[in-house]
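**Student:** Once you've had a glance at the structure underneath, I'll fire off some questions.
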Amino acid sequence: MSRDIFMKRLRLHLLFDEVAMVTHIVGDVLSSVLLCAVVLLVLVGNTLVVAAVATSRKLRTVTNVFIVNLACADLLLGVLVLPFSAVNEIKDVWIFGHVWCQVWLAVDVWLCTASILNLCCISLDRYLAITRPIRYPGLMSAKRAKTLVAGVWLFSFVICCPPLIGWNDGGDGIMDYNGTTATPIPVTTTQTPVTGRDDVLCDNGFNYSTNSNMNTTCTYSGDSSLSTTCELTNSRGYRIYAALGSFFIPMLVMVFFYLQIYRAAVKTISAYAKGELKTKYSVRENGSKTNSVTLRIHRGGRGPSTGSSVYRHGSTYGGSAAGAATREGCGDKDAAGGRRFGRQEMDSHLPVRKCRSSDASLVTLTGLKCEIIDNGNAKHGPISELIKGRGKSFFWRKEKKRSVGGERESFENSTRNGRSTRAKLCGGRCLAIETDICSSGECSPRTKRIKEHARATQHNSLPVTPSLSSQNEETDAVFVRGTSNSEYKPRRSRLSAHKPGHAMRLHMQKFNREKKAAKTLAIIVGAFIMCWMPFFTIYLVGAFCENCISPIVFSVAFWLGYCNSAMNPCVYALFSRDFRFAFRKLLTCSCKAWSKNRSFRPQTSDVPAIQLHCATQDDAKSSSDIGPTASGGNGGYT
């Protein structure tokens, strides 16, 4: 009878063992598939990022220096750390020896910290690009970017090296970067089961045997010399040091930079909303039709926007100005007060660089008032009084533009009722000049050639490239439409001016690209916090409470941090058109042909050229060709 009971218990015990074994196998298979998928995503995704930048010159920007460095850190993590972590997680025992345990853990923290600090550098780069667009090329040059990259790797090593030189919890085992100990596992252990049950299971990698006394003996089935486990040490000081240096301080830095980027975005949108004011009407003066000036101000600097007040006060006069025939030089002072101006002073006047001339007269347009210097005699007063009977001219200014080619100049000529207009960029800003070219109906041969050239080209616009670029260019620009009572209607060119709101739309399109980059940065930072916050929180809690965290929770948080290295390339592919295009080309094996067909364009090539024309409302549908000196290839000036 007792023997039958013993056999029933034995069969029940074997059934429980089989169920537990099947469950354990299924769990191992699912864990293996999931962990292998993470490892493959890290390897493939970051390899694509590095290959995309290597094969596309368009992607070789300063920002992408940090992105490539981030991808390299994650790629090395996928090669040197993750495969061993996956095996250790699945087998639940370290089988690669004591020495590699130490190296593996040190490399793990080094690469993880480098990945986190690279995200911090990307946030810094975007912060400078968006909040300081003019100074950005000087602040974040290629040399400084490489210096930051070197600093990332050096600081990461400083975080991982203290345990290697003795900062640990005093244990006898091998210390890793976090002070983990590699402890040998006993070859055999004896466990006493619960009374009446003999379903004790051994750890993974051990075999069990049950004797007649119902005691279970677990015996390691592998090489006893390799049976080690790498466990985190309880060195409280180092855990705090590593958690702050590897995660919490970089996280605060990234959050600060992103908040500043968000504030800059909101501020710029508000400035554009205030600057997009339009006045369209006409008045009768002495029986002739006079059109009002339409002025837009786009502000990109600090301080409150004053563009709208400038517009309201300066949009009621009809703007026409006569000027000098010969330009000899440019000054650095504004026309009204003889002093430099700030962006916040636009509500009082519209500054330009005064162009000195050797003869005739010079006109400088400054807000409500105009100054005419006629053969050395200066006259001040409203524009409508000073320009009566002088015909049509126009004025516009553009802040200095930094570009690869440096400062450029552009000229234009046009003919209005026997008068020639010639405009030239003056130190980055432009003043339109109008002069008489014929006297008593007689024109010199040179003058005739000028007139013929003017009629042939009929220039009435100057190309400019104002933008919100975070890389190279200033964002202040003022556009003024002049007035005329002439019947001049130049022919339209496909490169000429567009409708009044076109410039604003182009500005906003460029700014939308900047907002998209900021949104991508927000997603990257959010993914970073979501992935690493659980692990480092548990890591700190473990320093004060050893048994508060279950092994399963620790493993999930541990691998969630690794998932961040797999998510970064996915974010680039989803939100970056250039990276998405490069990935598609690489995956379709057409990288070589694509690289040959793609010509190099600097990062500012995305900025569209804006052609502005100067015409009355009667001529709203008219515009002219771009002059022979204007470059249509890059949206700039020759």
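Easy rule for this one: first residue shown is 1, then count along the chain.
Quick reminder: no glycine exception, Cβ is built from N, Cα and C everywhere.
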**Student:** Quick test of reading the record: Swiss-Prot lists a disulfide for CYS230. Which of CYS101, CYS112, CYS120, CYS355 is on the other end?
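**Tutor:** Between CYS230 and one of CYS101, CYS112, CYS120, CYS355, Swiss-Prot records a disulfide, namely with CYS101.
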**Student:** Are THR63 and SER550 on the same side of the membrane in Swiss-Prot?
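**Tutor:** Different domain labels for THR63 and SER550.
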**Student:** Kindly point out the range from 282-302, 618-638 that Swiss-Prot annotates with region 'Disordered'.
**Tutor:** 618-638
**Student:** From ASN178, ASN597, pick the one Swiss-Prot annotates as N-linked glycosylation site?
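**Tutor:** So the answer, going by Swiss-Prot, is ASN178.
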**Student:** DSSP secondary structure for CYS230 (disulfide bond), reduced to helix/strand/coil, please.
**Tutor:** strand
**Student:** Going by DSSP assignments with H, G and I as helix and E and B as strand, what are the residue counts for the topological domain 'Extracellular' (88-102)?
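**Tutor:** Taking each residue of the topological domain 'Extracellular' (88-102) in turn, the totals are 9 helix, 1 strand, 5 coil.
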**Student:** Just counting, how many other CB atoms are there within 10 A of the CB of CYS101 (disulfide bond)?
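**Tutor:** Other Cβ atoms within 10 Å of CYS101 (disulfide bond): 24.
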**Student:** Helix, strand, coil: count each for the residues of the topological domain 'Extracellular' (546-551), based on DSSP.
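**Tutor:** Each residue of the topological domain 'Extracellular' (546-551) counted once, the result is 1 helix, 0 strand, 5 coil.
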**Student:** Near the Cβ of CYS230 (disulfide bond), how many other Cβ atoms are there if near means within 10 Å?
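**Tutor:** Neighbour count, Cβ to Cβ under the 10 Å cut-off: 24.
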